[in-house]
Structure formats: structure tokens, C-alpha cells
Amino acid sequence: MADNKAKSTKPVNKTPPKSPSDPTKDRTAKRLSCDSNSSHEGAMAGELSALEEAFRKFAIHGDTRATGKEMHGKNWSKLCKDCHVIDGKNVTITDVDIVFSKIKGKSSRTITFDQFKEALQELSKKRFKDKSDEEAVQEIYKLIEGKAPIISGVTKAISSPTVSRLTDTTKFTGSHKERFDPSGKGKGKAGREDLVDSSGYVSGYKHAGTYDHKVQGSK
């Protein structure tokens, strides 16, 4: 009987019960945590250097799906052209392509910002030969900082004798000629449709509208 009583005795739980948490405090703590994370991210975004901002602007140029974290070879070449890294003497487009292929990964088609800086360091030695390595890097950074892709303007129309002849309204014949007045200005609807002449004169009569003037002059 003693053994049965010992087995039936349950161990006493000495751990104090947890107090129910206040849902209001939980929500406040969660919101503060989120605000802290967002403010940290905003601070990180604000710490972008002028060089990295330029990198991102060129990285997303012409590609709506680009994130700005990686740059393709085409945009790399454009950056070097627009920012005058290529001077045609010390640095050429060939040099730019060679450095890009050297820096990027074997199976990759893009470079990261860190690889971008490595590529600039390579080019700086050729671009600014008369300066030390550190000075050369700073000089090439200055060429790029704060810059953005140059968007080409609208292509101008090239005039040619053939185009001029085809657009000269004085040489039009037939129905096309009737669509323009002697100055070359289009007549609009009057030049495209046959409008009813309700003046009372025969079509093509040269002295239309002079009757009243003649009658008044005779008086």
C-alpha cells in the first residue's frame, strides 16, 4: 500500500507560473524593433558614397530589371566613355574591355561595386601615369563621382536632294497638287474632298464676286 501511495504522488512543479503578457506592450516592442531596423537601413542608404551612387545609376541604365548592385559590360563601357575615363591615349575602349574581362568572374557577365573599384584601380595606373597609385585612384574617382549616364538627343533629319524633291509641293501633279496652295501650305479638308460650290457662279469662273462692285461702280 505504501508503494502504491508513493507511485500515485505527483511531483510538485516548483517553476512559478508565467504572468500573462500585455499584448499592448508586445505590439509596442515589435513596432520599435521595426522602426529601429528601418532607420538603420535608411542610415545605410544615406551612407552611399558619390562613387557608389554613380555606379548604381550607370548599372540600371537601359535595364528596367536591374537592381543597381551589378553592372554589365555595356554599361561599364558607357561609364568609362561618359566620365572621360577613356581619353583615347592612355586608356582606350580596348583597355576598358580587357580590364572588365579580367576582373569579372569566369562564368559571370557582371561586376559588383567592389570589383568595379578594382577595375578602376587597374585603369588608374594607365590613365594617370605621372601620379602615385593612391593619387591616381583618387583622380579617377573624381571623374566618376556624381555623374550620371548621358542620354543622347533626338537624331536630326539629314536633308538630301531626293528628300527635297519628294517634298517639294510645287512639283506635285494631279489630285496631290490640289491639296496645297501656291505657298505649299495644305488646304486641309478642302484639298481632300469635293466641296459643293453654292456661290451661284459656274465652276472655274474667274470673275466670281465682282458683280456688286461693277454695279456700284456703274452708278
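Here the Cβ of each residue, glycine as well, is placed from N, Cα and C on the backbone.
Heads up, TrEMBL stuff is auto-annotated, nobody curated it.
Bear in mind that the values here come from a model prediction, so they are computed numbers and not experimental data.
Feature annotations, reproduced from TrEMBL:
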- 1-43: region 'Disordered' (REGION)
- 23-33: compositional bias 'Basic and acidic residues' (COMPBIAS)
- 63-148: domain 'Cytochrome c' (DOMAIN)
- 170-195: region 'Disordered' (REGION)
- 175-195: compositional bias 'Basic and acidic residues' (COMPBIAS)
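Taken residue by residue, the domain 'Cytochrome c' (63-148) breaks down under DSSP into 48 helix, 6 strand, 32 coil. Summed and averaged per residue, pLDDT over the domain 'Cytochrome c' (63-148) gives 94.
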